[in-house]
Amino acid sequence: MTISPPEREAKVKVTVDTDPVPASFEKWGQPGHFSRTLAKGPKTTTWIWNLHADAHDFDSQTSDLEDVSRKIFSAHFGHLAVIFVWLSGMYFHGARFSNYEAWLTDPTAIKPSAQVVWPIVGQGILNADVGGGFHGIQITSGLFYLWRASGFTNSYQLYCTAIGGLVMAGLMLFAGWFHYHKKAPKLEWFQNVESMMNHHLAGLLGLGSLGWAGHQIHVSLPINKLLDAGVAAKDIPLPHEFILDSSKMAELYPSFAQGLTPFFTLNWGVYSDFLTFKGGLNPVTGGLWLSDTAHHHLAIAVLFIIAGHMYRTNWGIGHSMKEILDGHKGDPLLFGGEGHTGLYEVLTTSWHAQLAINLALLGSLSIIVAHHMYAMPPYPYQAIDYGTQLSLFTHHVWIGGFLIVGAGAHGAIFMVRDYDPAKNVNNALDRVIRSRDAIISHLNWVCIFLGFHSFGLYIHNDTMRALGRPQDMFSDTAIKLQPIFAQWVQNLHFLAPGGTAPYAGAPASYAFGGETVAIAGKVAIMPIALGTADFMVHHIHAFTIHVTVLILLKGVLYARNSRLIPDKSNLGFRFPCDGPGRGGTCQVSGWDHVFLGLFWMYNSLSIVIFHFSWKMQSDVWGTVAPDGTVSHVTGGNFAQSAITINGWLRDFLWAQAANVINSYGSALSAYGIMFLAGHFVFAFSLMFLFSGRGYWQELIESIVWAHNKLKVAPAIQPRALSIIQGRAVGVAHYLLGGIVTTWAFFLARSLSIG
């Protein structure tokens, strides 16, 4: 950190342009107003596709970085408005159409429902009896558990929050309009990274966490403590009563009687009755101790508020991002040269570069969250709702996958549109690009090695089982392939808190070791033992993830040029082939790598969620008898069945699809129809992926001829989708069909097993 004399630094000022762009409904009402070509109106059917492709491609609408920045900034507010409306709808359903209040009275027996179907053509069958005399569709979003942890005790509070969501949405829409049409920030404001970091760290993350910690302490803790003790929700004081009357809090947490005295006298240990360090799970609810999570958010708030004072703005003290980057010369062995010189300019002038990094980080974080949701279930009673646990895991894994592919997409767009080779000479980025052949060929070798070896283990096992030679298989009972490193890591995590957190009463997660936590006779979490089957699936994960990385990284590193197409950057981010007369140059654009990466992302994550689903049903989820014996849902069949391809097909896909296939005539029948519809959408995608554009153009021309014959020819000339558009429609339906099919399969299964 350096302290600089005040005159050296340019002062940070918030400067805006007033009324830069007039708001005109007349202009917005004209389709394609953002592009001179599109604004002329449609001559062919390609127009409608280009309209959708370019509406949000601000780079194609203007080359002015300031205007692009303002558009993105304004669009963020629009995005937030949509999120608030969506959240408001969730809370409104909880208030108006749910059994939340009944569920609070008996959360282990009554199932959560927040949707009731109107029986117009007999859909009433979908309204199952979820307990407590309520009929509706069982939900697996986990919102009931979040609401209980937040301290909601009645529908009226949910109503108020729903209205609050709509108010916030309105505020966001206003802000989006105001900051583009009335007071639009200048480019310097968007590029002032030190102020941005300080505000985001201290304000968004720091004060955001502090506010949540405050809510948890003053509202969630007392309400949940009383609910856990069996007090009826209607008898619990309302949130404002706890906030305004400290004597009510002192009855539950005696330290409240002392007020802020211990804080200012540094006698903080007094507050340990509500800021705890227990570890493990609450034995009543199977969720993390709320007093632990309040403590966690308070600590996070302190860290981020400190972090938000780290960067130098107007006070001549703190870090300068540019100085840090320019001063970082990198590892002399691997990436010497100019190190990170020039990267500050890259990240402040290319929002694609910035977005690529943020998407990669956020996507990875989402997948980490997926694993924490079951290993350390944060909300009360969440852990024994297996449908919700499976849904939350799948959701966060898939979101992470899409964001990581998005990182590859925007990395490639950055390379094509924003990268300036002259400004990146011998720095880390330039050296990575110059090492691309070594990187990609090594990655390719890794993929081949992993693919042949992991698949080879399965082929061996299927062959041995087919020939009736179980003693020659790789399994826990024959030739063992124990994941010794994973077991060591598990054991380390189980034992480490004893040394690193000596005051914690229990391990962070029982998934690593310890006891079985059961709530109302159902397993919430227990140690997850790993064996040969996990070792084999793990290497399939390694294989598919490395292939996804290979495709995305090749797309980024070869986005501007390659030996095959040296002038690729002139062709842009998306193009089908390198023009007529050059065969064998298709699917080389940055866009095509994203297209192919999406298939491998889906492939790779399907195996992840299948592994999770079966492993949990086989080795974790189940019922606990009074004598402590655990009966797992599928009776521990994972270890012996998941070691052959046939086992995966027979004992996972086929056996567990029984619930969705046999769902007709029951409350789960909608999933049966969705299962078929998902297969149909998936099959429909293949029509776009397997056929070429010329086939359809020929067909269309003969249809147009027939229309001309009948004198009903359209004014807008029909055209086949472009090659890229066809692939886009194909991959969209492939993923949609696959996701819907998996959704129906998982939900019908998990709701059937309770």
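Using the three backbone atoms N, Cα and C, a Cβ is placed for every residue, glycine included.
According to Swiss-Prot, the feature transmembrane segment maps to 72-95 (among others), an assignment based on sequence analysis.
Positions annotated as transmembrane segment by Swiss-Prot: 158-181 (among others). Same-chain neighbours of the transmembrane segment (158-181): 19-23, 70-71, 73-78, 80-82, 84-85, 87-89, 91-92, 94-96, 100, 147, 152, counting only residues six or more beyond its ends whose CB sits under 8 Å from a CB of the stretch.
Here the transmembrane segment (197-221) has long-range neighbours at 149-151, 239, 242-243, 249, 252-253, 274-275, 290-291, 293-294, 297-298, 300-305, 307-311, 313, 321, meaning same-chain residues at least 6 beyond its ends whose C-beta is under 8 angstroms from one of its own. Residues annotated as transmembrane segment in Swiss-Prot: 197-221 (among others).
Tertiary neighbourhood of the transmembrane segment (293-311): same-chain residues 193-195, 197-203, 205-210, 212-213, 216-217, 220-221, 274-277, 318-321, 378, selected by CB-CB distance under 8 Å and a gap of 6+ residues from either end. If you look up Swiss-Prot, you'll see 293-311 (among others) marked as transmembrane segment.
Per Swiss-Prot, the feature transmembrane segment maps to 351-374 (among others); the stated evidence is sequence analysis.
As annotated by Swiss-Prot, transmembrane segment applies to 390-416 (among others), with the evidence given as sequence analysis.
Annotation source Swiss-Prot lists transmembrane segment at 438-460 (among others).
Residues or ranges marked as transmembrane segment in Swiss-Prot (evidence: sequence analysis): 535-553 (among others).
Taken from Swiss-Prot, the feature [4Fe-4S] cluster binding site applies to Cys577, Cys586, supported by sequence analysis. In sequence order, Pro576, Cys577, Asp592, Ile723 are the residues of the chain that are 6 or more apart from Cys586 ([4Fe-4S] cluster binding site) and have a CB within less than 8 Å of its CB.
For 593-614 (among others), the entry in Swiss-Prot reads transmembrane segment, with the evidence type sequence analysis.
The transmembrane segment annotation in Swiss-Prot covers 668-690 (among others).
What Swiss-Prot records for His679 is chlorophyll a' binding site. Within 10 Å of the C-beta of His679 (chlorophyll a' binding site) we count 15 further C-beta atoms, all protein chains included.
Marked as chlorophyll a binding site by Swiss-Prot on the basis of sequence analysis: Met687, Tyr695. Here the Cβ of Tyr695 (chlorophyll a binding site) has 11 other Cβ atoms within 10 Å, regardless of which shown protein chain they belong to.
Under the heading phylloquinone binding site, Swiss-Prot lists Trp696. Using a 10 Å radius centred on the Cβ of Trp696 (phylloquinone binding site) and all shown protein chains, the other Cβ atoms total 16. Under the DSSP three-state reduction, Trp696 (phylloquinone binding site) is assigned to helix.
The transmembrane segment annotation in Swiss-Prot covers 728-748 (among others).
In terms of C-alpha distance, the listed binding-site residues Met687, Tyr695, Trp696 place Met687 closest to His679 (chlorophyll a' binding site). In this structure, Met687 (chlorophyll a binding site) is part of a helix by DSSP. If you look at the transmembrane segment (390-416) against the transmembrane segment (668-690), you find fewer than three C-beta pairs under 8 angstroms, all six or more positions apart, and that falls short of contact. Neighbour density for Cys577 ([4Fe-4S] cluster binding site): within 10 A of its CB lie 17 other CB atoms from the protein chains shown. The Cβ of Met687 (chlorophyll a binding site) has 13 neighbouring Cβ atoms from other residues within 10 Å, across all protein chains displayed. The listed stretches are 593-614, 668-690, 728-748; of these, 593-614 has the most Cβ pairs under 8 Å to the transmembrane segment (535-553). For the pair Met687 (chlorophyll a binding site) and Trp696 (phylloquinone binding site), the Cα-Cα distance reads 11 Å.
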